[in-house]
Structures are given as structure tokens and as C-alpha cells.
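Have a look at the structure that comes next, please.
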Amino acid sequence: MAYLRQVSKPSGRRLVCLLLSASPASSRSFHSAGGGSARGEEVGWTAEWGLGHYCYSRQAGKDDGVDLSQFPTERIRNFSIIAHIDHGKSTLADRLLELTGTIKKGHGQPQYLDKLQVERERGITVKAQTATMFYKHKPSGISAGETHRVNDFLLNLIDTPGHVDFSYEVSRSLAACQGALLVVDAAQGVQAQTVANFYLAFEFNLTIIPVINKIDQPTADPDRVKAQLKSLFDLDPNDALLTSAKTGQGLEHVLPAVIERIPSPPGKSASPLRMLLLDSYYDEYKGVICHVAVIASAATGQVYEIFDVGIMHPELTPTGVLFSGQVGYVVSGMRSTKEARVGDTLHHARSSVEPLPGFKPAKHMVFSGLYPADGSDFDALNAAIEKLTCNDASVSVTKETSTALGIGFRCGFLGLLHMDVFHQRLEQEYGAHVISTVPTVPYIFEYSDGSKVNVQNPASLSSNPGKRVVACWEPSVIATIIIPSEYVGAVITLCSERRGEQLEYSFIDSQRVLMKYRLPLREIVVDFYDQLKSITSGYASFDYEDEEYQASDLVKLDVLLNGQPVDAMATIVHSLKAQRIGRELVEKLRKVIDRQMFEITIQAAIGSKVVARETLSAMRKNVLAKCYGGDITRKKKLLEKQKEGKKRMKRVGSVDIPQEAFHELLKVS
Ligand SMILES: Nc1nc2c(ncn2[C@@H]2O[C@H](COP(=O)(O)OP(=O)(O)OP(=O)(O)O)[C@@H](O)[C@H]2O)c(=O)[nH]1
């Protein structure tokens, strides 16, 4: 059970309080220290208890200039923008924010909602972002005298990522919406993530408004796209809006369509308050900030600790209140980011509510070890990961120890791009320097003693002869590939090299083919998409969903440096590919490891059988160069030191391995 209590404003870096979650999984209680009503205290609660059905921190509207009380649910619309990567979601979001005056035209920062440095650098959206807009809607066909029919609407827009690795973000966003703008590039037409995102929105029962964007392009063919939308999704071609987010053409029809076609959010004033925790992040000064959707509310009690609620307009804008159906943020006294569990249900302390369905747990496709580049930075890395996972709930984190790298973490990601972005954010937002180990997909192994284990770290595979591996399974995916028909042959060859099984082959129009393949996840996770793009001159689009595990013939491939296995470099591969991968691994390592004062042998081995070997010769550093002949004692000392250096390195089996070496290993598949 959780409580809401009003307390004084936070000062300095103190963590601020929040409206708390109380899912069945969390039985932590947050009692009011003082108890009783907090009415009229420092932040001035004068709203009448029990009358509203909302979440508030202080008197609605008065302090903050934005009065949400004039927006009953009938005048609220919550919608997402979904699309294949690069079809123009963020640009369209910019234009809508400008059109409603939420941001200034020519604000000088394209893709306004792509706020992270990593998003700006890579030109992709990785985090869904919410913005609230106010819009005066004039129903079509009203006469000049009917001004009473012109109403202000509150529109919550959620811009979502397009890349398959971030579809978890998309599904969370859709849970807070009643409708979605399905944006399709007028020249490229329907692509793999258009299909995936359409079905996500369809599963959530959302009203889908097709938006054919980029109609300004010379190769735009909106009629072809309309036909695809009809044949693939049974969407009425007459419902499609034609826009150019670049020139502004057609944009005036978008918000009226949102208002007229998308239903208002449900919100029963008699029900107790329930808020779905959509997202959260850690603010240095305010502590944990949660993005929430108010589903229904009843101000029945006084014991939540809450400092501030508001909307993203487009930045944090305090409103003092959030009503049923609205999407906003809550600043509270959560002490730890772990308490802000995305998908949780937040509610008033004194009402007992059924938790909302929440979200499906994220399915981790790739695991990798993360270690501080400098072992002594473990605590700093720990703190950075904790804060970042507050904003990226889809990453799983457990502690692990590696003989090569010390104490670190085993993290689960939704894909390699997700893993990359997580690293980059750790470095850019928290200044953490990390070494990551070779990523692996999660396998299942059965041992001769009958036990079955889920292996997320190849190093953990038993080498005990009494516990032999008797069977193994690897995860597979169903991949959707859309390509112009002239590339079919090349794509079929690539998929069979990757152990794929064709499941479907159909034309989506006269020039484009949609193929479905069952593929082992291991085969697509590293460079499949790059290969696919390169053999189709960039025209292929690709998406996948996870499938069942398939029985497979897998072996553990160890990397040995000077005879010592480096646990952080072990990998699990298909037995037929083990030798080739082993050869590529050692070759790559030879190129990236610097020559050292002693010879280094680099080997790849399956059990005790070495399948590939390279030697990196010693760098014969002339330590005597500066001893101009004379001093024999000094000469001896230096030679001893060099020998000692060699011995020490060999003795501990320690070779300086640059971070780059781990990166290079990623590229071998
Ligand atoms: N010609 C033209 N270009 C557009 C239009 N809309 C967007 N673009 C361009 O298309 C590119 C991708 O646009 P974004 O808005 O970043 O696409 P997105 O769908 O948000 O991309 P992700 O978030 O990475 O999935 C950018 O270079 C935009 O300037 C349009 O209507 N016409």
C-alpha cells in the first residue's frame, strides 16, 4: 500500500517525493510522518478533498498558469506517432508542436523531442518522448456565429523510436494512448517496422490514422502506398492523410483528424485514482521523475508524499493537478530509482485498487558483461547504471565476476543497437568508462545430470567432465524482410548461409516482396542487417519478433592468450561454424592487441582442441639504448627488469588488451 503526503518543497539535491506505486509486487508502505490532513500547509492545498478525481500537489492552475481543470476527458486525446525508421516521426512531431505554439517556429533545434545526445549524434530516436499541446479545434463546416463549437483540446503526443531494438518503448507508449498516427514514407512505402508497429497498435486496439509523409519527394507515390495500406492492413485509402513534414503541406488536417477520429481516454470520476507509470528518469536536483497516465482518480486521502505534478509542455510544466485521462509527470520522494518501476500502478494510499495490467516484461535478446575500465571505478559504474536503468527499464542487470576483468555486471539488452546506445549513454550522461564483453544470446543447455540451465554468459558453461552437455537449444526469431523483387536471390542466399528457413514469400505490390524467415537469433544479432542492406543497396527493411527455442548443435569457443583462457572473450557458436569463427577471432585479436615486451600466442579452442592460432611477436625494446657502453651494473639491472617484466606478464597470464579488442570480437559471427 502506498501513501501520499504533502511535505515542504525540496531543497538542494534532496530526493523529492512522489506519488507512490503499490503494485502487488511492492508492499513497501509510505506513511505520512505527521499523518492527518496536510491541507493548507506550505505548498497550499486548498482544493476540496473528495470532490475531485485527480492527482494533485497544490491548488490546480493558480500557481502555474496552466489550468487543466477545463479539460474534461472528452477534450483530451492521447496519441503516438509510429513508423518505420526515418519515415519522419520526429519531424512531424516538431511541426505539430510548432503548429500548436508549444515550441517556437524555427526554434533552431530539429527533432525537438530527440533530447538525448546519443539521439542527436545518431539521428535516431531511442526514447519515446511525451509532449502536451493545446489546440483550438474548429469542427469542419461550422458557421462564423457558432463560436461555442470551437473548443480547446489537450493533446498528448508521444513520439516513438523506429528501430526494432526499441519496440519495447513503442509498446509502452501505446499503452497510454487511444490512437496512433502510422507514418509511412510516400516514396519508400510500407517497410518492415511499419508492419510491426501497425500490429502493435492493432493489438492495443488503437484507432490508427495512416499518414503518408514526404509527399514533396520527386519519387513520392502516395497511391501505391495507399494500395499497400489497404492490401496489408485493410486500412481505407480514403482515411490516409497526405503530408510533408518538411514543407508543411497537408499538416493542417492532422490534428483535426486526431480529434475527430481518436476517442477520448476513458476516465470514470467515481473510480479511485490509478496511474500507470510509463517512464521515469533521475534528475540530479529533483530525484526520480515519473511520467504517468492518470487513468482515474478519487482524492480520498491525504497521505501521499508528493511535491509536484505537471505536464510536459514541452518541458516539465507544473500544473498542480493531473486529471483523469491525462499524461503528465509526478515528482516525489522516491529514494531510489529502483522504486520507479515502469508498468507499475500508482494510486492513492487509502483506496484499494486493482493494479493495471502493466507491461509485458522486456525480452532480452543479447547479454554482455559490463566492467569498469578501471577496476576501482566499480561503485561509480554501479551508481551510473542504477540511474540510467531508471530511464531505460528494459535493461536487466546482475552482478558478475570475471577472472580477467574483475567485478562487473551482466546486462541484458533488446539488441545490439540498444546495447551500444546504453554504453554511449553511460559514457555521455554519467562519464562512466566501460569495457564490454562479447555479447551472447541466451542459450539453454542440458547436462548429463539432468539439469537444464539458461546460459547468459558463455564463461559459466560447465567444464566439469562429470557434467557433460547432452543437449542445447538456441533462441530463434521470425524475421520479416521487405525488398524490391530484384534482390530476392541475394537475400535468399544470405538467409540460408545464416541457417534460415523460409516461411513466407508474398508480393505486397508489383515491385516489392515480403519474406518471412525463421532464423537463429545468434545469426542476425551482429551484422545481419548491415549485410542485408549492403546486398540490397540499402533497399531492404528488416524486423523480427522472437520465436521459440530450437534444438541446436552448439560449442563453447574459448580464447586463450599465452595459454590462459580469457573468460570475458568466450563465446558460444554453432559447431559447423566454430573453426571459421575461431580463425577470424584470433586474426582480429592479432591486429588489435599491441605488441608487448614478450611474445603472445593467441588461440581459439573448443575444450582442449585448439582450432586456430596466431602469434604476436615480442617488441624488442632496446632498453640499453641510453647506456652508452660503460656501466655494466646498470646494464644488468635493466636487462633483469626487462626479463622480470616479461616473466610477470607471462606469469599472471596478463596481456594488455585494449577495449578495441572486445569491440572487434563483436564483429565476428
Ligand atoms: N523530403 C522530406 N524529408 C523529410 C520529411 N519528413 C522528414 N524528413 C527527413 O527524413 C529524415 C528522417 O526524419 P525523422 O523525423 O528523424 O524520422 P524518424 O521517423 O523520427 O526517425 P527515427 O526516430 O530514427 O525512427 C530527416 O532527414 C528529415 O529531415 C518530409 O516530409 N519530406
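Even glycines carry a Cβ here, placed using N, Cα and C.
Note that the structure is a prediction, hence the values are computed from the model and not measured.
What TrEMBL lists as domain 'Tr-type G' is 74-266. As annotated by TrEMBL, GTP binding site applies to 83-90, 159-163, 213-216.
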Quick one: of the binding-site residues Lys89, Thr160, Ile215, flag those whose CB is under 6 Å from ligand 1, and say none if nothing qualifies.
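With ligand 1 as the reference and 6 Å as the Cβ limit, the list reads Lys89.
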If one looks at the chain holding Asp86 (GTP binding site), which residues at least 6 apart in sequence have a CB under 8 angstroms from its CB?
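Sequence-distant Cβ neighbours: Ile124, Gly162, Asp185.
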Going by DSSP, give the three-state secondary structure for Lys89 (GTP binding site).
helix
Under DSSP, is Ala83 (GTP binding site) part of a helix or a strand, or is it coil?
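It is in a strand.
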Just going by other Cβ atoms within 10 Å, which of the binding-site residues Lys89, His163 has the emptiest spot?
His163
Determine the most Cβ-crowded residue among the binding-site residues Ala83, Ile215, using a 10 Å radius around each Cβ and all protein chains in the structure.
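Highest number of other Cβ atoms within 10 Å: Ala83.
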List every residue in the same chain as Thr160 (GTP binding site), at least 6 positions away in sequence, whose Cβ is under 8 Å from its Cβ.
Ser80, Ile81, Ile82, Lys89, Thr125, Ala128, Phe166, Glu169, Val170, Ser173, Asn197
